[in-house]
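Participant: Shown below is the structure under consideration.
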Amino acid sequence: MEYQRYKTRQIKVGDVLIGGDAPISVQSMLFTKTRDVEGCLEQLNRLYFAGANIVRLACLDMADARALKEIKAKSPLPLIVDIHFNHKLAVFCAEFIDGVRINPGNIGSKENIKEVVQACKQRKIPIRIGVNHGSIEKQFSDKYGYNIEAMLGSALYNIKLLEDLDFFDIKISMKTSDVQNTIKAYEALRPLCDYPFHLGVTEAGTKFHSTVKSSIALGNLLLKGIGDTMRVSMTGELEEEIRVARAILQDSGVQKSGVNIISCPTCGRIQSDLIKAIKIVEEKTKHIKEPLNISVMGCVVNALGEAKGADVAIAFGKNQGLVIRHGEVVAKLKEDELVDRFLLEVEDEVKLREKD
């Protein structure tokens, strides 16, 4: 299947381009109180080193808004303010923030939205129309119920509202907590506008459940060419959100970066400690940004075949094994020497690619 991404309008959040031909960016959201400036900066630095591109923060009141101004001045990443109920907070934050997310289900009247738009237009920052299945405007929930039709009605209504105000720096999200409904919502809206989409399954749960739900929903949409920026929503797992999001992009084949590790699940043929080896390899290669296929296999049944498609590979045997690079055996060593030599070959491969 040939991957073909929808051509969307391009916007900018800080120094990060979204839409058009820009790479799909990965977002997260802080879970500390925004008024805790030091706590927020600590989490922002963690996300920066984890590989996040953009971060969103909640803003409940003016204490949060004033703290956010200080945080923004020291942040290593572009920041989006997440606004519910009080549009005046969005207007205040628009003076210094990189983007605003509004929930059309609770932001209030047209006049409220108009004030937010004027503030964002003045600073040329984008607005995300964040439609959420759990908080749709009454006019649409009364007419359709809490379903895809109501979400679609809300999105189209608010898009037109912003366009009528001559505002087009828009991105849209259509989030639900259900995998199938999330897919259907984004698919329904995609042919009807050319604005970039922010993908996510809302309230996806803890690490295990979020990984499963997000992989199915976001992977499905990405393979259909839908999506310009994304978040894997995960209860209490900051860096893991980024790691899973990057893995979805890589393993779907949509965006090549970092190491793709091929390893067998082990069986009765294994005569080495493959599980220990793969844990070491994962830890020692997680810093690599260059796209690289590596294979760590426990016996000869599939090892040599997988090695032909890998940049660097290990084929374990009984008390010994092979290190293979681009299909050619480069070393036959004792088991306790294999992983170290393998990692040297991996680093050498990375250096060669970085030179190119």
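The backbone N, Cα and C atoms fix where each Cβ goes, glycine too.
So Swiss-Prot says this about it:
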| type | residues | note |
| --- | --- | --- |
| BINDING | C264, C267, C299, E306 | [4Fe-4S] cluster binding site |
Participant: State which of the following binding-site residues has the fewest other Cβ atoms within 10 Å around its Cβ: C264, C267, C299.
Facilitator: C267
Participant: Under a criterion of Cβ-Cβ distance under 8 Å and sequence separation of at least 6, what residues of the same chain contact E306 ([4Fe-4S] cluster binding site)?
Facilitator: I262, S295, M297, A313
Participant: Determine, for the [4Fe-4S] cluster site, the additional residues of the same chain whose CB lies within 8 Å of the mean position of the CB atoms of C264, C267, C299, E306; present them in sequence order.
Facilitator: P265, T266, R269, I270, M297, G298, V301, N302, A303
Participant: Need the DSSP three-state call for C299 ([4Fe-4S] cluster binding site) to compare against my parser.
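Facilitator: DSSP call for C299 ([4Fe-4S] cluster binding site): coil, neither helix nor strand.
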Participant: For E306 ([4Fe-4S] cluster binding site), name the DSSP secondary structure in the helix/strand/coil scheme.
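Facilitator: Note: E306 ([4Fe-4S] cluster binding site) is helical by DSSP.
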